[in-house]
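So the structure is just underneath, and the comments pick up after that.
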């Protein structure tokens, strides 16, 4: 069978398998690649190939993640699967593998377990927009009522974390049986649930908005003045497009100001516009060199606002990862590194949390001493004197 070439014509979506340990996430991932390979839409990846995921470093944090890719008739997917629970926590908090949607795997034989709950909570906090459920090991449950009970329990759990539990598609099957068969045919009892699952993923998980279609934002990395021309701010465009003559805002650190883009340049060439992913210099009208600094952002007016107080989910590095050796307590004052700059902040731990140990993930409220342009889902590092001791994500903005 000739290998299908990667067609850029289909929309690309990033998904991942989440759920409790041993409920079958990796087996399901292997079964999806095998079923799609039988249909000429993927390359089969065996369980062992996925399970022995290489370790990657993201912001100084070691995360083991397996990446597989496959297509359906309508989409191209990049799928992440993590071997260990801690890897999921780190992955979701750092955004190392951005998920546009998730497949929540729940063993029909066991029902929802502690990590099922924790992964749903994390998905909610880090802004995974949608999920589809696979009730795995359905072959081990011969009682129809028991299956319905587990499904009900999963729906209630999802609803309790503000996911639309009543509407989320749930597909029951056996990933192992599908993997053992591997024919990938619609009428096969073993493979049908995998095909049905992917149809639901295709239909239910929304296509992500591309970075280029979002409102313009560029974190300022450097500023210099060009005599006779004015002030230039340089950085990598995070999202959107900026054109010459656009009105933009300078947000964060101090009062928000408005200005007009009088030039865009890249590799010393003048352009009409810069777009997401480009490293550019932006020439700003009437802005003095001292009016703008690293840590601020240039943005489409009204699209982002500066804040000092927010709720966050954070993962605190272990000693082995180069983090702290000791726990921290309420009132901890590290630096929070947002995009290009460090800002001191004070941590208020969630009620009932006495302290946070290295290796924990924790919910906290942070009060920064200087305002930073932020949205929900913005990622940050927690640092002490330039050394990364944690990673986090803004889950809610307070003020």
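Placement of Cβ uses the backbone N, Cα and C atoms for every residue, glycine included.
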Pick from 60-64, 65-69, 70-74, 75-79: which range has region 'G2' per Swiss-Prot?
60-64
According to Swiss-Prot, which stretch among 128-131, 132-135, 136-139, 140-143 corresponds to the feature region 'G4'?
136-139
Should anything in the same chain at least six residues away from the region 'G3' (81-84) have a Cβ under 8 Å from its Cβ atoms, list it; otherwise answer none.
16-17, 21, 25-26, 29, 50-53, 63-66, 68, 91
Residues near residue 82 (GTP binding site) in space but at least six apart in sequence (CB under 8 A):
16, 53, 63, 64, 65, 66, 88, 91
Taking 10 A as the limit, how many CB atoms besides its own sit near the CB of residue 19 (GTP binding site)?
27
For the binding-site residues listed here, 25, 85, which shows the highest count of neighbouring CB atoms within 10 A?
25
